[in-house]
Amino acid sequence: MAANFKEQSKKHFDLNGQSYTYYDLKAVEEQGITKVSKLPYSIRVLLESLLRQEDDFVITDDHIKALSQFGKDGNEGEVPFKPSRVILQDFTGVPAVVDLASLRKAMDDVGGDITKINPEVPVDLVIDHSVQVDSYANPEALERNMKLEFERNYERYQFLNWATKAFDNYNAVPPATGIVHQVNLEYLASVVHVRDVDGEKTAFPDTLVGTDSHTTMINGIGVLGWGVGGIEAEAGMLGQPSYFPIPEVIGVRLVNSLPQGATATDLALRVTQELRKKGVVGKFVEFFGPGVQHLPLADRATIANMAPEYGATCGFFPVDDESLKYMKLTGRSDEHIALVKEYLKQNHMFFDVEKEDPNYTDVIELDLSTVEASLSGPKRPQDLIFLSDMKSSFENSVTAPAGNQGHGLDKSEFDKKAEINFKDGSKATMKTGDIAIAAITSCTNTSNPYVMLGAGLVAKKAVEKGLKVPEYVKTSLAPGSKVVTGYLRGAGLQPYLDDLGFNLVGYGCTTCIGNSGPLLPEIEKAIADEDLLVTSVLSGNRNFEGRIHPLVKANYLASPQLVVAYALAGSVDIDLQNEPIGKGNDGEDVYLKDIWPSIKEVSDTVDSVVTPELFIEEYNNVYNNNELWNEIDVTDQPLYDFDPNSTYIQNPSFFQGLSKEPGTIVPLNGLRVMGKFGDSVTTDHISPAGAIGKDTPAGKYLQDHQVPIREFNSYGSRRGNHEVMVRGTFANIRIKNQLAPGTEGGFTTYWPTNEVMPIFDAAMKYKEDGTGLVVLAGNDYGMGSSRDWAAKGTNLLGVKTVIAQSYERIHRSNLVMMGVLPLEFKKGESADSLGLDGTEEISVNIDENVQPHDYVKVTAKKQDGDLVEFDAMVRFDSLVEMDYYRHGGILQMVLRNKLAQ
């Protein structure tokens, strides 16, 4: 029998007296299939993964041939991707680990072997999503916020700590250590692994998936990875591949270098705008060209981080000498760095700007010298605003029609003011456009010493000039690792940030994910009483409506330097390039240019204080560096003892009544429309992460279980309890359901009685009647975070199908993996164009004969008996997704497969 590709590609190389096995990409070239040098680097990484893991069952010669022919025959075929590791954060990680514990219990209930439910690849969970900014602008803020974090989340943390003892291959990085993507970049990523495989030291690329959409940040160092839903990550942990169609790869050719005044943040926002315009959803993006060598690795990581915002699966920078320089800077050993370089050169994956360019699906060019200081907002990251246009852009947005770029308000809004009487007797006035929150936050930027030290230098110059931040601005600094604190202190810049109120509040995601904490009660009252349009400026990656703070309606993304500058100005309704920020000690006007550091000032500071010793010291004891975490009392029993009275951790209902065999695909009849939504409905809208309102179904559930309102915590922190989460589905305070006109938030019309009621209440009534549900939506449905609860909650509400004009990648995949059918209107058609108003009964003519991307007949029966018929595409993107749907979900399939073994 002829050898398969795996056997043909197996080779060896020697380094420092050690022999290493590897799987040579040239094997496919030797078969005359392709020229490796013409394949994009990201495709080469996928190809190596297939060669090395070929088993003639899950991964076959056909998969390898199809991927090798990238660029020919329209990229037909699919990739069964088995990453080398998985990363989790605690909001998405808790439900993932709950599901593993639940799978174990289900396995035990039927007498199966519970040791089969164990991660088969290394899993690292970093606890970063739970810290909230309760205390700020004082030296004790870090300790106070950490203490509150542990009080609120003790049960969750006990559960995650238990898992480190119960499961193999699972580690947890404790709270107050850093943000998952920054810890991944600075410490966890090996770039090239060496593992013992059948007694041989085998070298291969580091690859991963993570339960957070910004997992993509790791592509900045040449490690291929992206965010997936928790469900897909769980399957990956249990040895299941992720299947996806062979991607298109858009090459972004970078030329020249960034000018004075422009930062990596400005470049990332510009890339986001350009690629959203281009349309790269579901595609890989790969950066190449002479401009790449002018970008420090930290800048590349900032750009790679924002791939979800530009819609790509990943934004990949192949490994080059700059990557190796960063590895040395962050304390990786010289021996390992030498191995990384040797392996990647041997296997044709080391980037050299002098080599011929690969063949990309399409190429766009970006001249770095044209990037200028910018912000994005007020409601989407792709809506770029040059700093020079910011004042006029904000003023136009106030009266522009309500939507992504407008608030739909009257000109009289500019006359509004709110008087604030502080408890200490001082007074302040807030007006339209004033800044309520200024936050240096998010791994997007805090991983980048150039922008962080740049912000410190802005603060230093501002303090020296005598500038102060207005009392109504809530300021905070939450870096993604302790290394940042080390270099800010080392440069002597932290005291200046402290003087402006940017004290350290925690190491975690904070404001970027909506954990901005409360404003002062007197400020909240003033804003609410006057219904004042106030703003936030943050160095985050998302600014969707309702995300940052319920009372802050306009949110702008900006570099840490601009966050400090706008905090000083106190308003976004200012032309920072031409109007003074304030008056200095000498009574003279101070302008932005007076406090802005030069490129040389910043790079000299970086060179002097960012050292390998800092990284080595901070990561030396990363899994045990928090005493509060170390003191948590846990058992080492392999089965979790679910407490029926817990409001944080419950055994989910996904496996209840599971049959031994999967069902068949059958038509969906008599569905009622629960929600009709427009474009750009985010996973934040579907499953919010932030505050739980006392009058919401989730709030009432918690009160019924004797949880006081002050201890509600957030939706994100309660993702281990399906009872809370199903009640929070479609409950974002800013979601607008067209079936409940005049309302905002999670309401719908229950058609049998025409009553407007909370979506959860209506869904439960439909469930009692045995009526399935449908959601109608516009373009980009499910954009934003890789939030698996957006799909899990949809399933538990009884939604059988979503019919949208288009989907964001991760959410579509999550719906299928939860047994919900994603359908797509024909191009040019929509719910509105077909005259669907949501009162109809919907039937979908689907059966066992369906294939991926087939069209099925959908019938909508009007109240007067008229029928509207249309075709919709079945968004199964691979054959295996049909299996997921048939089983009722991927976890059900995994459990059945494990039982069958």
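Backbone N, Cα and C atoms are what each Cβ position is placed from, and that goes for glycine too.
Per Swiss-Prot, the features are as follows:
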BINDING   Cys443, Cys509, Cys512  [4Fe-4S] cluster binding site
- prompt: Can you tell me the three-state DSSP label for Cys509 ([4Fe-4S] cluster binding site)?
  reply: coil
Statement: Cβ atoms other than its own within 10 Å of the Cβ of Cys509 ([4Fe-4S] cluster binding site), all chains, total 30
- prompt: Taking the centroid of the Cβ atoms of Cys443, Cys509, Cys512 ([4Fe-4S] cluster site), which other same-chain residues have Cβ within 8 Å of it?
  reply: Asp128, Ile179, His181, His214, Thr441, Ser442, Thr444, Thr446, Ala478, Gly480, Gly508, Thr510, Ile513, Gly540, Asn541
Field: List of residues, in chain order, with Cβ under 8 A from that of Cys512 ([4Fe-4S] cluster binding site) and at least 6 apart
entry: Ala439, Thr441, Ser442, Thr444, Leu538, Gly540, Asn541, Arg542
Nonlocal neighbours by CB distance (under 8 Å) for Cys443 ([4Fe-4S] cluster binding site), same chain, sequence gap 6 or more: Ile179, Val180, His181, Gln182, His214, Met217, Asn305, Gly480, Cys509
- prompt: DSSP on Cys443 ([4Fe-4S] cluster binding site), three-state: which is it?
  reply: helix
